[in-house]
Amino acid sequence: KTFRPKRKFEPGTQRFELHKRAQASLNSGVDLKAAVQLPSGEDQNDWVAVHVVDFFNRINLIYGTVCEFCTERTCPVMSGGPKYEYRWQDDMKYKKPTALPAPQYMNLLMDWIEVQINNEDIFPTSVGVPFPKNFLQICKKILCRLFRVFVHVYIHHFDRIILMGAEAHVNTCYKHFYYFVTELNLIDRKELEPL
């Protein structure tokens with residue numbers, strides 16, 4: 001249930017070209033700080049949309065590699081160590097912030113993000129269809145919640161990442177994420193404190 005199909009960009013679209021440009025920058029050994037900067041002449045919403053989908057895919061995969069060790073017994077609370085507890089609220093079933101075991105929180109989170117990024121009213125895929133006025137607010141919330149996955153994985157499951165030999169990949173993904181959200185000011189600095 002934690003692994004989900006990757007959201008793809010249609011070949012020939014502007015977002016597909018932006019995705020290819022972002023991937024080429026990352027794979028070429030280029031400075032990550034430079035790779036996250038909005039390319040000249042490109043729309044910020046398109047750039048953010050491409051990255052939000054990509055981060056969802058990558059972070060979902062990272063969590064998927066440790067999810068069998070993240071159980072209600074090992075992680076009875078969604079947290080980032082003793083100082084940080086994350087509560088779930090979706091304004092539907094969970095109207096108030098609710099403490100949940102980490103795996104339940106993760107499943108709700110990934111389902112919630114998947115609904116957002118597959119909603120054409122929020123993440124339009126057709127050329128010329130505008131983004132909603134609150135698009136950046138929605139993306140900020142998605143990215144803030146994805147950051148919590150990094151916090152949980154780093155603090156509670158990084159030993160497993162090391163055993164799998166995946167720490168370089170996870171670290172690079174985190175660095176890319178961190179540079180992106182700080183470059184475009186998409187996550188409040190206070191939220192970034194756990195890492």
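For all residues, glycine too, the Cβ spot is worked out from N, Cα and C.
Taken from TrEMBL as is:
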- Cys70, Cys75, His152, His157: Zn(2+) binding site (BINDING)
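Here the features listed in TrEMBL are placed on the structure.
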residue: Cys70; record: Zn(2+) binding site; Cβ within 10 Å: 22
residue: Cys75; record: Zn(2+) binding site; Cβ within 10 Å: 19
residue: His152; record: Zn(2+) binding site; Cβ within 10 Å: 24
residue: His157; record: Zn(2+) binding site; Cβ within 10 Å: 21
(message) Beyond the listed site residues Cys70, Cys75, His152, His157, identify every same-chain residue whose Cβ lies within 8 Å of the center of their Cβ atoms for the Zn(2+) site.
(response) Val66, Phe69, Thr74, Ala102, Pro103, Met106, Val153, His156
